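To start, the structure under review is shown below, and the notes come after it.
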There are 2 protein chains.
Amino acid sequence: MQTRPYNFSAGPAAMPDDVLRQAAAEMLDWHGSGMSVMEMSHRGVHFGRIIEQAETDLRELLGVPADYHVLFMQGGALAENAIVPLNLSRAAKADYVVTGAWSQKSQLEARKYCDVHLAAQVDASHGYDRIPPLHTWQPRPDAQYLHYCANETIDGVEFHDVPGRFGLPLVADMSSTILSRPVDVAAHTCIYAGAQKNIGPAGLTLVIVHRDAVGHAIPACPSAFDYAVAARNGSMYNTPPTYAIYIAGLVFQWLKRQTEGSLQGIAAIAERNRKKAELLYRCIDASALYYNRVAKPDRSRMNVPFFLRDETLNEAFLQGAQSRGLLQLKGHKSVGGMRASIYNAMPLAGVQALVDYMQAFERDH
Amino acid sequence: MQTRPYNFSAGPAAMPDDVLRQAAAEMLDWHGSGMSVMEMSHRGVHFGRIIEQAETDLRELLGVPADYHVLFMQGGALAENAIVPLNLSRAAKADYVVTGAWSQKSQLEARKYCDVHLAAQVDASHGYDRIPPLHTWQPRPDAQYLHYCANETIDGVEFHDVPGRFGLPLVADMSSTILSRPVDVAAHTCIYAGAQKNIGPAGLTLVIVHRDAVGHAIPACPSAFDYAVAARNGSMYNTPPTYAIYIAGLVFQWLKRQTEGSLQGIAAIAERNRKKAELLYRCIDASALYYNRVAKPDRSRMNVPFFLRDETLNEAFLQGAQSRGLLQLKGHKSVGGMRASIYNAMPLAGVQALVDYMQAFERDH
């Protein structure tokens, strides 16, 4: 039963009620330890159990092969824009595909550390609205890796499959799509994600990286952000964000409960997400007031930006939404308009409530 | 009233019960917002109020002058070992004082980015047990800064005053002493601290840096860790660890309540901490079983390492402590023995309970 408003924030984003309730109940005493998780030594037996279970559950949910490290780090995807080339570029060549604001930031930051080439990009003069066709991509065969952003949180552009590999190690920023659908981890050499969308609280960064890719950081790489150092120390070279890892672990457990009785695992989550997105896009496409400018096959199932043809109605739209318990719908300041982020924790009923409101608002204006 | 065990962890460490209770109560709905703090956009009005209040309270508690930035960052003190020289060394000369395991790590990491000279160090063949006399320090007059660790969490060695400035900008790692006593912020160009001792959850790093010191990062500095970028964006260039900042804010409010009715502010906290440390050191010094090897004037008031002359009793000591609700007393693995961390959240009654137990254990063995 929904007792709280529906929160469409792009991140930090809505968490499952069950997770928050459990966290509140355990706040002063985790499992009879006499301690809050916040108060535990990261090297103690209790937290050891927490981080181990979180890693096990994540590996199960995503099907992470055994020859990949799972690292719990800090700094978010923006820090990874530097940390990835520091670890993986060998100060040589790295290729990037630009499909939105996030991959654009990634390639700009990488230029500090290596020779960057844009294997593909979109003319963004009218906004990022599609993925360039794969046959137009021109990565360099001697690049150390090919980087793409699996879901552009601001622009609402998503890769629904792994793009061609072009014979290169693939690196993906999956911040706003991870755990929303099955991912072929083995097709990538490195996947990273800020936690604050589908994983848990801001301040935790998840890195999944192939064993053979670590250990080649360039000298300028801070030890705390060297994947090899993090892996060797079980993510405890620097004190990890313990409480955020604990919450992420609760989210993983929640996801497993959601998929119980289903042989599909995370595919069942993906199906639910597909339905949510479909409902919302159908409403937008059927409307004379709202529009979304992303090419249909490339539309994000997590972040749905939409605009009102009459922008003078924006404020009224947001106020009406707020008063109906539909929160944080304002679009990113760089693109304007609206954005509904509908991550795993958003139920279909929340999307339905938004659609009902959008239709009522259109009728009334 | 104490209802939970006493937790002597060095960090992540005990939190005030009041703070945990409030966090639990507000977990699903912060101040009628309908959201957990974990779920709020960092750019929204609600979180804006939280971070602003946290900064205001911190500035008041520490007396931070207006020409200093207060930055909420990520990575902990270990990441700062790189981030400080990336920001402040100009790839030139930087001088370090080594008084324990932490400052030793700091100077080693800094060598990646600049020309490091040890202005003073202790012969650590028998452990770090004192601060080298100031008249023996030999910093280079053309160093960009002089770095020291105000409190060595592992070794239990603490500077109780700002060391001489030697005409150089001072940089201090204050992770395990910040907010435990008044600090002359203006005597430093930069102070940094991992949060997980006296501030809040692991994963938050506090940086207090003079305005004029930022803006000179070397090219290898990741944008997310460039103090100037963080300052320009109000700590929101990358998504900050919002929940940890919220908890830190609750701790600051708790500290203010502790010092209410006192004109002294944080000096009242310091006096309480002095009494706690005195009680424990007196017990150790009066004992035939326990000893602490740090020179008396340099002993830490936050981290009290002690050893049993008969080390075969270590296990029995720890087990007895655990059964009496005295938790996480095992010393750091690199030095062995015991360590009682008695940060702000540890009441005098907790130290008294430890002393009572230590005396009983000595009588029984």
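The backbone N, Cα and C atoms fix where each Cβ goes, and this holds for glycine too.
What TrEMBL annotates here:
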type	residues	note
BINDING	B:R43	L-glutamate binding site
BINDING	B:W102, B:T153, B:D173, B:Q196, B:N238, B:T239	pyridoxal 5'-phosphate binding site
DOMAIN	B:6-354	domain 'Aminotransferase class V'
MOD_RES	B:K197	N6-(pyridoxal phosphate)lysine
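A map of TrEMBL features onto the structure.
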| residue | record | Cβ neighbours (10 Å) |
| --- | --- | --- |
| B:R43 | L-glutamate binding site | 16 |
| B:W102 | pyridoxal 5'-phosphate binding site | 23 |
| B:T153 | pyridoxal 5'-phosphate binding site | 28 |
| B:D173 | pyridoxal 5'-phosphate binding site | 28 |
| B:Q196 | pyridoxal 5'-phosphate binding site | 32 |
| B:K197 | N6-(pyridoxal phosphate)lysine | 30 |
| B:N238 | pyridoxal 5'-phosphate binding site | 28 |
| B:T239 | pyridoxal 5'-phosphate binding site | 25 |
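Using a Cβ-Cβ cut-off of under 8 Å to chain A, none of the recorded positions B:W102, B:D173, B:K197 qualifies. On the 0 to 100 pLDDT scale, the domain 'Aminotransferase class V' (B:6-354) averages 96 in this prediction. Ranked by CA distance from B:R43 (L-glutamate binding site), the recorded positions B:W102, B:D173, B:Q196, B:K197, B:T239 have B:T239 at the top as the closest.
Those residues noted as binding pyridoxal 5'-phosphate (B:W102, B:T153, B:D173, B:Q196, B:N238, B:T239) have their most widely separated CA atoms at a distance of 29 Å. Each residue contributes its Cα atom, and for B:T239 (pyridoxal 5'-phosphate binding site) and B:K197 (N6-(pyridoxal phosphate)lysine) these two points are 22 Å apart.
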